[in-house]
Structure formats: C-alpha cells, structure tokens
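Novice: I'd like to ask some things about the structure below.
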C-alpha cells in the first residue's frame, strides 16, 4: 500500500508504513478475548486478511453463531494457548476477570483496544492498568481509534490510521505488521505513556471546530438581535405594527449573509496581522502569540462555516417569494396601485441595483463553493502547493472583494437615508463592512512595491538587525574581515 494513499496523520508522529523491517504475517494465529461488537468486527477483518482467528469467550456455544465460520470460538483459556498475539476486546472493569489466565498469558503480546467513557476518566490509562495486572505480558495500545464499522467495511471506507504505542519495540513492530496486512496504516506514538493521549482521541468531539462554531454562533446571535431590534421591535414601538412573522425567515435571512461575510473576512485577517508582525519585528522567526497561532490554524473551519452560512442565505432568499406574507404584500401593492391609477411603477435604478446585486452574489457563492471543495483532503492532495495557494489565497481574496461589492450593491445609497437609521442604529450591512474593508485596505497597502519587497525579503529569511560578515581588501593588499548589520 503506497504512502500517498492516505491523508496526513492525526498527530505529529512517524508513520510505520513502508518500514522495511515489517514483514507480512498473514497466516499466523491471532487470539481475540471478548464477544462484543468490536470483537466480532475485529475477527471478521482478521479472517478476511488471511489470519487464523481463535476467539476466547466465557460462553463459546452461545456466541459461536455471531462470528464467521472460519474463526474458532472456544473458552478463553484454550484460545490463549493457541495464539501469541491476543487482542483484549473487553471493558476495563472486566480486566480482573482475566487474572485467572495470568500464567497462560505470560510472555504473550496483549493488544488493548479499549476506550473510556470520559476524557482522563482514570489516573492511569487502560493499557497501563492492563500492564500492571499482567506484568509478565507485553502490552501494546492500538486499534482503539478504529470503529467497528471501519473494521467490517474495510480501511477504504473509514480512517486508515492505527495509532500504536508500547514500551517494547518488537511488540509494536509485530502489531504494526498485523495492521498493515489488514489494510491500515500503523502510526508509532512512542512509549506506553502516550496511551492516555490515544485513548482520549475518540472522545473528543470535533476538537478543531469548537472555536469556529462558537465564533459563528456568537456572530449569529449578535446580528440576529441587532436585526430583530430594527425589523421587529422598532415597528412595534413606533408604529404599533406586529412584525413577528418576519423572525423565522426574513430576520434569519438578513443575519446569515452578515455572518458569512464577516467569517470570510476573518479567514484573511490573521494573515494580515501576521504580516504586520513580521514587518514590525523584521523577522519571520519570531513566534506569533498563541491566540494568533490558533487563529491561523482554524482558518479552514472558519471558511467552511462561512460557505455554509452563504449557502443557507441563498436557499432562504429563493424561498422568500413562497411566503404567504409576501403574497399578501404583492396583492396589497397591486390594489394600492390600481386605486391610485398608476400604470407604471418601474424604477430603473432599483432594477439595475437588484440585477447587479443578485449577479455578484451568485459569483461570490460560486467562488466560495470552489474554496470549500478544494479544502477537502481528497481534492487538496491532487493539487500542488502553488495551485492550492492560488485558489485559497488569491481566489479567496477575490471572493472577499466580490462579496464586498455584493454588500455595497445591496446598500446602494440607502446608507445616506436617515429613515434607515432606526433607533439611530445604522443599517446592518454597514457594520459588516468594517472588518472586510480593513482586510482589503491592508492587502492593497501590502501590495505596494516598497512594502511587498520588504515582506518578501523577510519571508525568504532576511532579518532586521542581524549582523553578517564581510571581507575588505586592506591597504597592503591583504583581506580583513568585519561585520555590518544586514539592514544597512
């Protein structure tokens, strides 16, 4: 299996894929202790990979029908005697029931596949606890990040990485062989002290998405409240009109583009701040603050959430004419026009504004779709670095500019209409322009030759205040060395 067949590792540890010391082990006998869902899926995958599987159960006759016919289901003591590598597929609280097998298990490799119900639920990891119960055995932590579904359907339909750790290198190598034959990619996570970290991985729910999701929800609540005051509360207080019907569709549809637009600008704002930091300190080797570093790492998730809100805005906008309230308003407008005997209500300026507004919005959504698609690992891996950078950086900035045009066209000249300032609050779209326009202005400034060249030199390794050696010929014809600052 080629190394390019998979995405990047979950953690920064070396992959054991392609290790010449790992040799195929198909045909050897593997033991499985347990008869739960994971044990059954594990047995199926091992049998399909060419291994001989012996399953140890306390009730072999009752459990035999749950396993493939090629797997031998017997009592735990008999199963342990027939295999040197044994997968312990039982819960931590049941480890003590295996203590009667301590003598038979001596010298064998135990693969702990268990997980906890809470992060850091115990002081020691499950694997370390198992090792303390069976000191004569070699314990390897592995396969706990692989689901039972992935085991049954094969590595192609799930996560291909198997994280492995142990204090015994030979035992890790043996388990890595088994993982490779099963079609997975073993990743060496080091010694047994890493077991707690591995056991916590399946319990983390979208760890890279928490901050972007909370950010999007915070922006949504702020803009939703702002729009609610302007569109619902203001008419009720000033004109005693009930506009509550606007909340499910109209207020939400006004809020979504605001969130999408600001979130898109927040994708490129940290890059501007990073460039400012590099220009100020005159080096690229100074570490960014932790908050900026985290911000830079979450740009992909922020961008995808921006696309999600923009897509919802498009769907909501298409549904606006379907509302019953909209139909009533059209009929009311037609009746009013007939009573006033107006034959033509065509407003050229409004027609052009809406045509440009919708056209630019479609282009912006198309570019956001392209950015979202190319951020997928399967697509990104097919692009070289220059192509990926062009799409995500250059086209992404173009998408931000076009989104700004979309917002400006929506506002048109209404920003100067005093009737738009309800409760003296400016229209919502004027608030959304603050961050994007700051990013666009900064990008324009950075594109000036004097600043662009300095920033390019810094990113190529030049440092302000760094001293370099030089050699000058002396009056006698000999050469002497000296030092000068690199920014002279």
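Note: Cβ is positioned from N, Cα and C throughout, glycine not excepted.
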Novice: Among 170-191, 236-257, 302-323, indicate the range for which TrEMBL gives the feature transmembrane segment.
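Specialist: Range annotated as transmembrane segment by TrEMBL: 302-323.
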Novice: Could you tell me which of the ranges 130-152, 429-451 is annotated in TrEMBL as transmembrane segment?
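Specialist: The range carrying the transmembrane segment annotation in TrEMBL is 429-451.
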Novice: Please identify the range among 98-120, 259-281, 328-350 that TrEMBL labels transmembrane segment.
Specialist: 259-281
Novice: Among the residue ranges 211-229, 458-476, I'd like the one that TrEMBL describes as transmembrane segment.
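Specialist: Transmembrane segment, as annotated by TrEMBL, spans 211-229.
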Novice: Residues of the same chain, at least six outside the transmembrane segment (211-229), with any C-beta under 8 angstroms of its C-beta?
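Specialist: The answer is 247, 251-252, 254-256, 258-259, 262-263, 266, 294, 298, 301-302, 305, 309, 422-423, 425, 428, 431-432.
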Novice: With a Cβ cut-off under 8 Å, give me the same-chain residues at least six positions beyond the ends of the transmembrane segment (429-451) that come close to it.
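Specialist: Apart from its flanks, the transmembrane segment (429-451) reaches 223, 226, 257-258, 261-262, 264-266, 268-269, 272, 275-276, 279, 397, 400-401, 403-404, 407-408, 410-411, 415.
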Novice: With helix taken as DSSP H, G or I, strand as E or B and everything else coil, how many residues of the domain 'Pyrroline-5-carboxylate reductase catalytic N-terminal' (29-116) land in each class?
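Specialist: Going by DSSP assignments, the domain 'Pyrroline-5-carboxylate reductase catalytic N-terminal' (29-116) contains 39 helix, 23 strand, 26 coil.
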